[in-house]
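Taken straight from TrEMBL:
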type: REGION; residues: 1-69; note: region 'Disordered'
type: BINDING; residues: T115, D116, D117, D325, D327, T328; note: Mg(2+) binding site
type: REGION; residues: 343-363; note: region 'Disordered'
Amino acid sequence: MTSDPDSAPGLPAGPVLPSSHAVPRSGAVPRPPGGHRSAAGPDPEPDRRPGAGLDRASDRVPAFDQDADADRLSRARASLRGLAVGDALGSQFFVPAHYPALQSGELPPGPWAWTDDTEMACSVLAVLAAHGRIDQDALAWSFAEHHDFDRGYGPAVNRMLRLIRQEGGDWRELAAGLFNGQGSWGNGAAMRIAPLGAWYAGDPERAAHQAEISAHTTHRHQEAVAGARAVAAATALVAGPAGPGTPDALLGAVLDLVPRSAVHAGIRRARDMLDYDDVATVAAVLGCGRHTSAQDTVPFALWAAVRHLDDYEQAFWTTARAGGDVDTNCAIVGGVVAARPGGEPPTAWTRRTEPLPQWAGVS
């Protein structure tokens with residue numbers, strides 16, 4: 001759940017990449033109405049409506065090797081399922097009546113509904129499946145098309161997605177204009193990105209780069225971008241064929257791919273606290289999403305994930321008991337841990353979780 005932070009001081013992140021106009025596979029990502037360009041050549045003013053020119057055959061993305069693509073999709077689906085369970089179960093502990101169950105490690109009654117964390121992650125996977133990489137226009141439109149107000153979006157993102165869907169708003173202008181032109185530094189770009197990291201298993205550099213491209217569709221602030229890069233890189237390392245290595249080495253590799261920022265400083269502190277067992281102390285130092293900012297969320301989530309990569313259940317309870325933005329913390333942790341072979345959530349937990357939508361391409 002991503003309530004927008006109250007303010008976002010600092011400069012927005014770098015430029016948005018131009019649209020690739022790739023053609024989605026059938027049924028994966030809906031195409032918005034309009035936006036077609038003349039066959040005679042480009043318009044004097046580029047059409048910036050979501051999905052403009054998506055049917056241009058000359059701009060299609062080259063086909064991937066089918067076996068490699070299937071492997072990518074399988075890993076990303078596993079991560080998405082882990083993310084959804086963490087999100088859905090974590091969100092149950094915002095209900096005061098469930099607090100005793102949290103402390104005792106008991107499961108609240110199902111079904112557990114997931115939130116905006118999962119809904120946006122589904123769009124990330126759908127766009128990857130359609131294009132083989134992040135297409136910003138397609139992603140922004142998928143966010144807007146599938147936006148469900150009742151899933152717990154923050155007010156700024158609610159407004160932005162409504163303007164895209166109902167009024168044809170330009171996501172570039174809307175995202176850049178948030179918080180007086182500084183962009184959002186919320187944790188929304190990081191919460192949804194673990195499946196992308198799993199897609200790029202073993203290639204953390206590319207995962208971080210694609211995560212940055214994804215972040216710009218809604219979050220332009222450098223901290224939000226850094227948070228997305230960190231989660232994607234960590235997931236790519238966890239899912240890679242070489243394995244994640246030690247927790248210290250994993251976080252060190254993540255730091256190499258995160259620009260200097262509060263997120264970077266927080267991950268450095270998280271690495272220094274890997275031998276701490278008291279989650280309350282760690283959360284007090286690193287933050288645990290109480291301010292719903294990337295820098296207040298990502299360092300703690302990565303600390304919890306890398307300490308429990310072999311045990312989804314323990315990773316979840318450790319994360320949830322810290323409090324804060326419980327569903328988002330647990331979504332990030334669940335997506336990272338489940339990206340590793342054997343890291344899936346318990347079957348009983350998956351059965352209680354709301355099924356993922358058909359349009360996300362998760363069977």
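Every residue, even glycine, has its Cβ placed from backbone N, Cα and C.
The Cβ of D325 (Mg(2+) binding site) has 30 other Cβ atoms within 10 Å, all protein chains considered. A simple Cβ count within 10 Å picks out one of the binding-site residues T115, T328 as the most packed, and that one is T328.
In the structure as shown, the Cβ atom of D117 (Mg(2+) binding site) sits within 10 Å of 35 other Cβ atoms.
According to DSSP, the secondary structure content of the region 'Disordered' (343-363) in residues is 9 helix, 1 strand, 11 coil. A coil conformation is recorded for D325 (Mg(2+) binding site) in the three-state DSSP classification, outside any helix or strand.
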